[in-house]
Amino acid sequence: MQASTHLIKGNLEVKISKRRDLPCFREFKERKSTLTRNLCIRRGSICSGLSSGAVSMGAELARARDNVESVARSLIKFRSVKAQASGGDVEDLAPINPHETSTGTVLPFVGVACLGAILFGYHLGVVNGALDYLSKDLGIAQNAVMQGITLLAAAAVGSFTGGALADKFGRTRTFQLDAIPLIIGAVLTAIAQNVQTMIIGCLLAGIGIGITSAIVPLYISEISPTDIRGALGSVNQLFICIGILAALVAGLPLSRSPLFFYRWRGMFGLAVIPSILLALGMTYSPESPRWLFQQGKISEAEKSIGTLYGKERVPEVMYELRTAGQGSTEPEAGWIDLFSKRYWKVVSVGAALFFFQQFAGINAVVYYSTAVFRSAGIASDVAASALVGASNVFGTVIASSLMDRQGRKSLLITSFSGMGASMLLLSLSFTWKVLAPYSGILAVVGTVLYVLSFSLGAGPVPALLLPEIFASRIRAKAVALSLCMHWISNFVIGLYFLSVVDKFGISVVYLVFAAVCLLAVLFMAGNVVETKGRSLEEIELALNPTT
């Protein structure tokens, strides 16, 4: 009863300044006055407004709660319509409920999920680090590129299926299922004696990291408290970078001595350890309360909320879920629903984010970084890769601290602007004769600035923003579809980049990347909404007021 009383009192104190003349707020004031007379709440005690001889306390509280929820719905609808009519973004809305400090903690469970992000980065990095050694050992130098291409193609398939699995089995169970191809793929690549076994192992590992790429940001976003969701969501990208660096460190012995010629098998085999830890960790991690509520598992959702945020937050979070109408009013969305008039605009924004992320040239810059650093006199491939990797990690750490203060949209625009300027600098350093004496230094500066700019926004924000802007009934599938665009774009660039460079030259290609960055800035300024400081339910009601 105390929890219900606290909930009613908290929602009666909705801030309505500067809108008192509007009918919606006059209605709220009248209802608040009526509720105050019938339900006098002072310092936690219930006064004479509740007549125990007439109506039971439970029925009166239920009616009061229904009235308050009705008023809150009217206010939410009014704010959503106002934001749309004025062309405003989600930032035009005020939060419905105050987000109190929770006594629960999500950090251990975010850490478990980030094992998937580490595997994502590690599998990408380990192929590049061991490619020369394994191709010579297995005698498959002519097929060396196939490992990388197979990994990317399989990842596209995995990301596409990850959404359906997450909707059907839940987030934590999907993580556990995903550990199966990750473990088998790591074992097969480690023991491969021929190209066929290596390709099958890369195929399974690719499917595994594809699923991981979809469900890690989804799970983190759904379990994170609103006030730190941006920081925790960007941790995903940070751990991807850490995974890539871990693969580099694991490959250091290969570059030092031929005695470690067969160490590449151990590099692939190491991926088994975090895969097992991921499966075991998810056994003890709470399921997403939003998915549980959508499935009608109310008691389990309340238990999950208590574990994540503390028992005192259960009424508040459950109220937000009921207000958004998740799971109770509409069936789960199918793939065809993503292309309906209702959802296509927001789904297209998600796909465009990853399209711009990849075609802005990040993989090209990383691929060419070794050659760029050699032109500046840095002969060590390891040093070049370490500098790029360190820049990426450093920028991602800065982005994590700014995500919930500056907002997602502003970081995206700043990031792509910096990437475009860096691409222009890189292009000019290769073509302008006046810059020829400084071309090496300028190329290194341009590369480092590009990677820093990427890590400030274009890297971490898309995977964080997608689960925030998608409605609950399409969230998992829409995230999976957008990640599929990521892997397809990555695959296309990896397949055709070198041939395009051979035909047109790296300077022209960098100019094209700079133009893509400019288009990205214009697109995001006009289509991306700000989501900082809003619960997923508030964002959903703003972007989909008909739900």
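Every residue, even glycine, has its Cβ placed from backbone N, Cα and C.
Annotated domain 'Major facilitator superfamily (MFS) profile' per TrEMBL: 109-532, in sequence order.
If you look up TrEMBL, you'll see 106-124 (among others) marked as transmembrane segment.
Feature annotation from TrEMBL assigns transmembrane segment to 144-166 (among others).
With a threshold of 8 Å between CB atoms, the same-chain residues lying at least 6 positions outside the transmembrane segment (175-192) that come near it are 113, 116, 119, 134, 138, 158, 162, 165, 169, 198, 200-209, 211-212, 215, 219, 265-266, 268-272, 275-276, 278-279, 282-283. Residues annotated as transmembrane segment in TrEMBL: 175-192 (among others).
What TrEMBL lists as transmembrane segment is 198-220 (among others).
The annotation transmembrane segment is assigned in TrEMBL to 232-252 (among others). Listed as Cβ neighbours of the transmembrane segment (232-252) (distance under 8 Å, sequence separation of 6 or more from its ends, same chain) are residues 106, 110, 113-114, 117-126, 128-130, 216-217, 220-221, 224, 263-264, 266-267, 270, 382, 385-386, 389-390, 392-393, 396-397, 399-400, 403, 455, 459-461, 463-464, 467.
If you look up TrEMBL, you'll see 264-284 (among others) marked as transmembrane segment.
The feature transmembrane segment is assigned by TrEMBL to 346-370 (among others).
The annotation transmembrane segment is assigned in TrEMBL to 382-399 (among others).
According to TrEMBL, the transmembrane segment annotation covers 411-432 (among others).
What TrEMBL lists as transmembrane segment is 438-466 (among others). For the transmembrane segment (438-466), same-chain residues at least 6 beyond its ends with a Cβ under 8 Å from one of its own Cβ atoms are 213, 216-217, 221, 229-230, 233-234, 236-238, 241, 350, 353-354, 356-357, 360-362, 365-366, 369, 372-373, 375-378, 387-388, 391-396, 398-400, 402-403, 408, 411-419, 421-423, 425-426, 428-430, 478-479, 482-483, 486, 520, 528, 531.
The transmembrane segment annotation in TrEMBL covers 478-498 (among others).
Taken from TrEMBL, the feature transmembrane segment covers 504-525 (among others).
The average pLDDT for the domain 'Major facilitator superfamily (MFS) profile' (109-532) in the predicted structure is 84. Looking at 106-124, 198-220, 264-284, 346-370, 478-498, the range that has the most CB pairs within less than 8 A of the transmembrane segment (411-432) turns out to be 346-370.
Counting Cβ pairs closer than 8 Å and at least 6 residues apart in sequence, the transmembrane segment (264-284) and the transmembrane segment (478-498) reach fewer than three and form no contact.
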